[in-house]
Amino acid sequence: MSHHTVSPLFAQPFSMRLERALHHLRLGRPIILMDDFDRENEADLIVAADKLTVPVMAQLIRDGSGIVCLCLPGETLDQLELAPMVQRNQSRYATAFTVSIEAASGVSTGVSALDRVTTIRAAIAPGAQPADLVSPGHVFPLRAQAGGVLARRGHTEGSVDLARLAGLRPAGVLCELMNADGTMMRGASLERYAAAQGLVALTIAELADHLRARQEAPALAVAA
């Protein structure tokens, strides 16, 4: 992307976009998370698991790849005894999928928007037990690294970090945005979609810079 044209997605300063994004997450609205400012980048639709509704799940399924993922910290996945999907992860970015899940009760085929929301609610419920879920299923948990985007620049970590910043349970739901023709949504089509839906966009790079600055701020104050 040339430095002369700023995408309308990033016309507002980051601080304003972050504030709007956190507000939207608290309301259960999705936001867009991108790797960086490169318009060729794929974008994910992200929502706080805590605030997930059936209409928003339907939007994720309709406007995304259909592979809806639940991003969780390691301790939650360990509590649920969800093993990695494979012993040896050979995926390009070492995306940490666990075995897929379904709620043990309250679902039919598991694939409807309602069923997927039921599964996610079962997984993130306080005191959730391994018996509350069965595998395989139609929801794909992802293990977020401790340390968030400062440890790994991934959408998985970004969604958990953003839920935390919003004061919600550290759990995010994401799906990659896809055009109607099956290509990944980016560039002008992404800008049109964001404008039509009134969605805020953030980048993982910006989020990492923000969290690093927050981490370093107390040290600077002490040094002064």
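Backbone N, Cα and C define each Cβ position, glycine as well.
These figures come from a predicted structure and were not determined experimentally.
The D-ribulose 5-phosphate binding site feature in TrEMBL is assigned to R39, E40, D44, R152, R153, G154, H155, T156. Look at TrEMBL and you will find E40 tagged as Mg(2+) 1 binding site. What TrEMBL records for E40, H155 is Mg(2+) 2 binding site. What TrEMBL lists as site 'Essential for catalytic activity' is H138, E176.
The structure, with features from TrEMBL marked on it.
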residue	record	contacts (Cβ under 8 Å, 6+ apart)
D44	D-ribulose 5-phosphate binding site	I32, L33, M34, H155, S159, L174, C175, E176, L177
H138	site 'Essential for catalytic activity'	V68, S100, E102, T109, G110, V111, D115, R116, T119
R152	D-ribulose 5-phosphate binding site	Q145
R153	D-ribulose 5-phosphate binding site	D35, I204, A205, A208
G154	D-ribulose 5-phosphate binding site	Y93, T95, A144, Q145, I204
T156	D-ribulose 5-phosphate binding site	C69, C71, T95, A96, L142, R143, A144, Q145, G172, L174
Specify the count of other C-beta atoms within 10 Å of the C-beta of H155 (D-ribulose 5-phosphate binding site).
26
Could you find out if DSSP has H155 (D-ribulose 5-phosphate binding site) as helix, strand or coil?
helix
